[in-house]
Ligand SMILES: NC(=O)C1=CN([C@@H]2O[C@H](COP(=O)(O)OP(=O)(O)OC[C@H]3O[C@@H](n4cnc5c(N)ncnc54)[C@H](OP(=O)(O)O)[C@@H]3O)[C@@H](O)[C@H]2O)C=CC1
Ligand SMILES: O=C1O[C@H](COP(=O)(O)O)[C@@H](O)[C@H](O)[C@H]1O
């Protein structure tokens, strides 16, 4: 590995092993011509390669309805890395993945296409002379999640090497159903084909370093935990703001809106991690149990138009960096009668011992003034006996801001004396 790439590692990682011994793997991405594949999945695979975390034997197969030649797919993915990867494209590293990349076209409900995909993977195993783990990443709009899962079952791919370390895995994107009933129905289809340990219901916010750091910050630093409750906290504000519009994804987005696309999943994960009790251990079930407990304590929302807990809105046309951009209603693929929101904000009341009376304000939107995801913990003000005289004492509420992206870090707003003979106060 060239020194400049090693330099790109986080300083905390210096001296730690880079290899976790992943088994030989074939990843199949359904919906591989789409936005998520280009923006996140393939750049992430490239970066795993840079960090030497890919298995020695690694194959990537894109799957989709449009016919795409293997070489065209490789070029599309080169461009995706050049545009979206956090590290520049390193041709030497990428070539090792690239040479084992191909595209398989077929309908998501077409069983023959899945049979031929199974044959292709069997042939890769035969050529290698050993079994491989198969990982199926469903990166399509939710309307085709179910036929893909059913076809993975009927083609036998879901059961490959089951009950061994190489058992097939399936990764399912969100939204996971439209409501409780459809989510249960989707679960039923999944459980009819895969065993639970094979299933990954993904929320990519949980993979962000700063989100993973939340539990560490809360439960490994004794200075915060005693203050993390209704005695000291005035309110919590969670913002997930994007500057992008819906772009080419109007067809999918209009069936979701901000509530299903961002609030019920990513934003609620941030609420859960901020508000949950300490888990009894770090195993996934213990963390899940605490998240479930705190989410159950959230009170039903008041939906009245005036004085309710929820606001929905959508962006109109305007300027971004001086360039005109379309309003949501004019974006490609948005039906004329659409009433889908691109912004949602709500006030949550968590009725448990720790949080009663502390509002959680959460909001998410597209085409906002700037891209920023953050959790702001606003503490109660001290009694205003000493420093409460207008301008002279510009006292702010202490606030801890955990910035998730784009600038990662923690900022604490505190009050301090302005140097000089007179006692003047300002926040910094
Ligand atoms: N984009 C993002 O930033 C994120 C997206 N997600 C989730 O990932 C999934 C994929 O998102 P994204 O890549 O943006 O979606 P896209 O709209 O880009 O669709 C992905 C691919 O699915 C196929 N497709 C599109 N529409 C349909 C349809 N109506 N029926 C069948 N196939 C269709 C197309 O491939 P082809 O025509 O070749 O078959 C398309 O290239 C969604 O579930 C989304 O919620 C999650 C996190 C972030
Ligand atoms: O899940 C989604 O997330 C992206 C935002 O992800 P980020 O990591 O860039 O914050 C959003 O654009 C997309 O609409 C949504 O489906």
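The backbone N, Cα and C atoms fix where each Cβ goes, and this holds for glycine too.
The average pLDDT computed over the domain 'Glucose-6-phosphate dehydrogenase NAD-binding' (28-212) stands at 96. As annotated by TrEMBL, domain 'Glucose-6-phosphate dehydrogenase NAD-binding' applies to 28-212.
Secondary structure at residue 174 (NADP(+) binding site), as computed by DSSP, is coil. Taken from TrEMBL, the feature NADP(+) binding site applies to 65, 174.
Mapped onto three states, the DSSP output places residue 242 (substrate binding site) in coil. Residues near residue 242 (substrate binding site) in space but far in sequence (CB under 8 A, at least 6 apart, same chain), listed by position: 364, 365, 366, 367, 368, 371. Summarising the annotation, TrEMBL assigns substrate binding site to 204, 208, 242, 261, 366.
For 216-426, the entry in TrEMBL reads domain 'Glucose-6-phosphate dehydrogenase C-terminal'.
Here TrEMBL flags 266 as active site, proton acceptor. The secondary structure of residue 266 (active site, proton acceptor), as reduced to three states from DSSP, is helical. For residue 266 (active site, proton acceptor), the same-chain residues lying six or more positions away in sequence with a CB closer than 8 A to its CB are 203, 204, 205, 240, 364.
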Filtered recorded positions, from 65, 174, 266, 366, whose Cβ is under 6 Å from an atom of ligand 1 = 65, 174
Across all protein chains shown, the one of the binding-site residues 65, 208, 366 with the most other Cβ atoms within 10 Å of its Cβ is 366
